[in-house]
Amino acid sequence: MIWIARGPSPPAQHLSLYPKRSVRVQLRHLALLWLGGSTATALVTWICFKLQVALATADLAFLILIVALSLMDSVISSIFFSILAVLCLDYFFAPPIFELDIYDPQDLVTLVAFLFTSLAITSLVRRFRVAAEVQEAQTRLLDLTHDPILVRDPAGTILYWNRGAEELYGFTREEAVGRSAPDLLQTDFPSPMDEVMATLYRTGRWEGELLRTRKDGTRLTVACRWTLERDETGVPRRTLETNNDITARKQAEDALRRTQETYLAEAQQLSRTGSFGWNISTGEIFWSDESFKIFDYTAETRPSIELVADRVHPDDLPIFRQAIERLSAEPQDLDYEHRLLMPDGTIKHLHVVGHAMQSDAGQPQLVGAIMDVTARKEAERALRDSEQRYRHLFHHMPVAFWQLDMRAFKRLCQELRAAGVVDLGRHLDQHPEFLTEAMTALVIEEVNERAVQMLAAPDAPALAVPLVGFWRERPDTFRRAIEAQFGGEVAFEEETKITALDGRVVDVLFAVAWPGPINNLDVGLVGIIDITERLKAQERLRQVQAEFAHTARISVLGELAASIAHEVNQPLGAITTNAETALRWLDRPEPNSAKAGELLKRIVGDARRAADIIARIRTMAAGRIPQPAALSLVDLVEDSLAFLHAELQAKGVSVRLDAAPSPPPVVGDRTQLQQVVVNLVINAAQAMARPDAERRTLAIRIGESEDGMLSCSFEDSGPGIAAEHLERLFDSFFTTRDVGMGMGLPISRSIVEAHGGQIRADNQSALGGARFRFELPARHPAPPAS
């Protein structure tokens, strides 16, 4: 707390303001003072005695000396010198001189009056000296603070100016004291100065912000606190003023306010929200910049109720008028929506929110916000349309739809993840009961009419049950579906079987989706298509294809009849010849059984060779059901070449088989894949059967590709494939020969694709002709269990 002494105070109250001197220093000071005082007393005595002045004159001289000495030390010294002066006056100036006796009562009165006067004066001098020292100490203390402090009289004249004021305003104490503070600092008050002074005189204090000017002309904003001091009668004496430089803070506040205004304007623009104020009494309206943009008026336009009414949609104008009349009669909060019809014919939707309040003058007013909610309204309409489309598709598509409640299932998944489960498949292996728990957690909450019909339900509510009963036949499909969902996939699809309410097992295409927006709503969408008839049709188609392939194989056998007959006739002819020779060896007078035995062994070998040929023919001609098995593609090609040996030999075709060492097997039907190889070899042989051909070579290469497929290519030295025929080679009934049905390559493609592979043709043969290449998935051994 800062205070200013208003008068002398007892010395004891201010001893703490000064450092105490040591006893030795005090004694030395006292000795010097008393020595000097005694010397001065003796000198005054001698001078007055020499001048033979009267007692009264000597009293005055000694009184002056005592006052001077009292300014230099304590009361004790003043009393000592007062008594010493009385003794000198009595001894040297009061008759009889040179004696201490007093005969004249008047002299006694004079000496007594001198003693009391000197004591009184020295006491007063001492008190004023202490007060001055206190004042000086306080001044030093006030100079220690960095806050500017000044003292003014009622007229505004500066009486005190501390060092903080010097540093802030740039004026020295000598330049400021005696000057008018408002004039010196060019002060701008927040309100008229008379009002400020009236507040100060009424309350004794005033606080506020002032704009002042430094000596160098810099403008400052200071926070001021004024405290008024009054005398005993209540008359204002002085005003203590403390200042705090808040220029930097005000600049920061101004910058923040400008930033906030910028952000507010930007936020209003981004959110299409404007603000307004309406003085209901005067009709005056204030709009923000965004409000002008919303109503499509320029900023120079003066807002009014009629100006707004001109923009209000005609259908909403009565509601707008009623709201204005109600607010004019009784101001109240406002919250409603209406439309605007803009000059270009577009329609805007507004949401108006207002709060009724009173101004400082007590006038009713409404402040609020105007939000352009056109985009929201359009989004709501689009959402409604989308919902209607979804409902229409959901209930009228020829697909059975289920909408699942996923909340309980998602809680189960969250519990598993919290327990550290990352592989649901492994968890199901260890805890198979979780599959039933998951089926129970997933509940159908809505179905369409197609689902009701497919599952033989009496109505839709009858299907609002958990999924347990539908997966009795194929729980493995459900398992794979929830594993996909747990792994983060958004959809799953599989052909499977479900059990209807009447116990029927239905072949279906099951598809479930958990796309982001739907998954966030804790629902899943299941689509089920009854594929019973399609599977039957596919089965019939497979039968037809098998029959057609069988017919094609028989056709191939027909084409190879001559070579087959030649191939069979060779071992049969050898059998006949060897049998006749053996009979002759046996018909001799001395049968040669050894020779006959050798011939019989040849007969057995030829018979087996004929049997192998017939077995191959029977295999090609068989019409049995395909039987997939692990096959060696190299063995299959070698058997096919053995079957076609006579045909290739007749056409002069040499075959070279290049196979990678120990290629992996493939899984397929041996007869079907052999039909593919036979077709491709026959096509190559026929393409090279030109009379002018210099060479007839077929290179067959078997190897494994980088993507894990086993490839088999057939490269011939024929003329190649015409460019216009490349795109149609695998079309049904397309052929480049004069004979044939054109079904060999289409059937080969269907067989390869049914085995999960692909076949293609080009003219990239290393021998200069055509190249056919098919690929089949290789069967690799499973890795050892860890």
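All residue numbers here begin at 1 and follow the chain in the order shown.
Cβ coordinates come from backbone N, Cα and C, glycine included.
Annotations in TrEMBL come from automatic prediction, not curation.
As recorded in TrEMBL:
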| type | residues | note |
| --- | --- | --- |
| DOMAIN | 134-207 | domain 'PAS' |
| DOMAIN | 204-258 | domain 'PAC' |
| DOMAIN | 334-385 | domain 'PAC' |
| DOMAIN | 563-780 | domain 'Histidine kinase' |
| TRANSMEM | 30-47 | transmembrane segment |
Seminar exercise, completed: Model confidence for the domain 'PAC' (334-385), as mean pLDDT, reads 84
For this session: Using DSSP, break the domain 'PAC' (334-385) down into helix, strand and coil residues and give each count.
Result: 12 helix, 29 strand, 11 coil
Exercise. Could you give the number of helix, strand and coil residues in the domain 'PAC' (204-258) as assigned by DSSP?
Worked result: 12 helix, 31 strand, 12 coil
